Amino acid sequence: MSTNRRRLVILVADSAGCGALPDAAAYGDEGSDTLGNTSRAVGGLSLPVLGRMGLGHVTAIQGVPPDPAPTAFHGRMAERSEGKDTTTGHWEMMGVVLREGLRTFPRGFPPEILEAFVRETGAPGVLGNTVASGTVIIQELGEEHQRTGKPIVYTSADSVFQVAAHTDTVPLETLYAWCRTARRILDPWRVARVIARPFVGTPGSYARTYDRKDFSMPPPAPTVLERLVEAGVPVVGVGKIPDIFDRRGITEEIHTAGNADGLARTAALLDRVDRGLVFVNLVDFDMLYGHRNDPAGYARALEELDRGLPAILDRLGPGELLALTADHGCDPTTPSTDHSREHVPLIVHAPGRGGGDLGTRATFADLGATVAEYFGVRSEVGTSFLAEVTR
């Protein structure tokens, strides 16, 4: 390992928002506060590491009071783009702000999309075509799917075309091929993501697997990731990061099977990588607990993150940075099972630098601007806070 290490780690706690944005009511999300409401629903959280880093300053979290002398810099970021989904949030982090929201289909997909999908994939038809919870719809339609071979197609409040299939009925590679075809069909419709949703099990006890795969629209403009790669800076995408950016601006991909695996792989990665950006998505918060309105599970996942952080923090030295944030909210305490329009936390660990208040940032793109300045590449969107965390 080189003694001249220069690494920046971004951990995205997927959906861990910290309070409704001013326009949240327009999205049906007034009062949402994923971290705060989760803490109160379970009678308090135990997050000693994150608490010392200053997480208690970003919103009122039961069990995590504001630390008077935090060890990291703390703040929160507001989303400037229209929307509240994974793609929009991650793209904005890396400097692409969407002025027009990506298209959603609250009444299902029109016949011309489904007819093209069936014709071009050779699938025997589709089931569903509705807004649904993925874990619910596979229980409702899984048996019919296995009997007919028809994939289950559904969407949500986000810009997604989701295709669920049992791995014994539709082999994984066939499902991926169908989703690649759907991606091509849906590009003109401005659908952010096509998501392959494989599942296993028997009627009444179907379960989704970690072999989900996202097929994203390419970002409409160059991201900070692409500029890093052009400048020769390695960019390692961990979890679903490569999928979100259509693999643009990624030099290495690491697949994960949940948050614990993602944290362990990130720590191991830091033992062999001495330069570049390590960009990590931890999806369990959103996939397993937020959408399922499970505050107890969400709380356990936050505590798991807290336990896993030291192994990563201990591998970073002077001049290196770690930023912990989120891409949107998904408050498990509200009636909705969809994402919520929220601020996201910003916790920045700069070894040897202590902590301080970064305030409320006007856009997620401030993070990308900071990454760009750290590695010496340009960015047009956002205001870097690098000087504030390295002074």
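Backbone N, Cα and C define each Cβ position, glycine as well.
A quick note: this is a predicted structure, and the numbers were derived from the prediction, not measured.
Residues or ranges marked as Mn(2+) 1 binding site in Swiss-Prot: ASP14, ASP327, HIS328. Around ASP327 (Mn(2+) 1 binding site), the same-chain residues at least 6 positions away in sequence with a Cβ under 8 Å from its Cβ are VAL12, ASP14, SER15, THR86, GLY89, HIS90, MET93, ASN281, VAL344, PHE364. Under DSSP, ASP327 (Mn(2+) 1 binding site) is assigned to coil, being neither helix nor strand in the three-state scheme.
Here Swiss-Prot flags ASP286, HIS291, HIS339 as Mn(2+) 2 binding site. Less than 8 angstroms from the CB of HIS291 (Mn(2+) 2 binding site) sit SER133, GLY134, THR135, CYS330, THR337, ASP338, each of them six or more residues away in the same chain.
Taken from Swiss-Prot, the feature compositional bias 'Basic and acidic residues' applies to 76-87. Counting same-chain residues at least six beyond the ends of the compositional bias 'Basic and acidic residues' (76-87), those with a Cβ under 8 angstroms from any Cβ of the stretch are 14, 18-19, 21, 27, 29, 58-59, 97-102, 158-160, 192-193, 216-217, 240, 244, 286, 325, 327-329, 339-346, 360-367.
Residues in the region 'Disordered' (61-88) partition by DSSP class (helix H, G, I; strand E, B; coil) as 3 helix, 7 strand, 18 coil. The feature region 'Disordered' is assigned by Swiss-Prot to 61-88.
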Worksheet item: Cβ distance under 8 Å to ASP286 (Mn(2+) 2 binding site), same chain, sequence separation 6 or more: which residues?
Response: ASP14, SER15, THR86, CYS330, HIS339
Response to the item:
Counting every protein chain shown, other Cβ atoms within 10 Å of the Cβ of ASP14 (Mn(2+) 1 binding site) number 24
Discussion item. Using Cβ atoms only, which residues of the same chain lie under 8 Å from HIS328 (Mn(2+) 1 binding site) while being at least 6 residues apart in sequence?
Written reply: SER15, GLY17, GLU79, LYS84, ASP85, THR86, THR88, GLY89, HIS339, SER340, ARG341, GLU342, VAL344
